[in-house]
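For reference, the structure is listed below as C-alpha cells.
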Amino acid sequence: MNGTNQTNICKDIEILLDLSPTCFVGIPRPNFTDCDKALSIYRLILVNCYIEQLFYPIAAILVIIGTILNLFSLYCFLKMNKRNSQNVYLSVLSLTDTINLQVNFTIPLLRKFDKIDDIFGDSNILCRAIGFLTEFFLIFPTWIVVLLTLERLICILLPLKCYSLYTHKRAKISIFILALTV
C-alpha cells in the first residue's frame, strides 16, 4: 500500500514538472525515495513561479502610481497659500516617500536585468550608497511623522503659543537636524 502511494506521489511530481517546465529550469528531477518531500517543495517552487510572474508588473505599476501621486501632493503642499510648518513636514514627507519608492522598489526591480545587476555587483561604492539610502529612507519618513505628531500635540495643548513655537523656519531646522540624526 505504501509503495503504491509513493508511486502516485512520484507520478504527481512528474505531471507537475511536465505542466510547468519553465518554472523548474535547472532543478533536477527527484529520485523515487524522497517523493513525499519533493512534491511539497516542487509545489512551493511552482507557487513562487506564478507569484513572481504577477509580482513584478504589479510592483512596477504601483511604483509609477505612487511616484505620480507623491509628486502631485508635493506640488500641492509647495503651492498652498497657507504656508505653515505642517506643509513643510508634509512636503518633505512626500518627497522622501517618492525617493523611498525609487530606492527601495525601482532599483530592486531594475536589478532583475543582468546588465544593471552587473553594474551593482562590480561597484562596491554604489552598493554601499544604495544600502545607506535604503536604510535612511526607511527610517527618515517615520520620524517626520513623529515630528508632525509632536507639533500637533503641542498645538492642541498650547493653542495660543502654537504659531509662535512652530514657524516655517523652525520646521526646516528640525527636519535638517532630524536628517543629520538619522
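Cβ coordinates come from backbone N, Cα and C, glycine included.
Note that the structure is a prediction, hence the values are computed from the model and not measured.
As recorded in TrEMBL:
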- 66-182: domain 'G-protein coupled receptors family 1 profile' (DOMAIN)
- 54-76: transmembrane segment (TRANSMEM)
- 88-110: transmembrane segment (TRANSMEM)
- 130-150: transmembrane segment (TRANSMEM)
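Below 8 angstroms of C-beta separation, residues 90-91, 94-95, 97-98, 101-102, 105-106, 109, 112 of the same chain, each at least six residues beyond the ends of the transmembrane segment (54-76), sit close to that stretch. The domain 'G-protein coupled receptors family 1 profile' (66-182) scores a mean pLDDT of 86 in the predicted structure.
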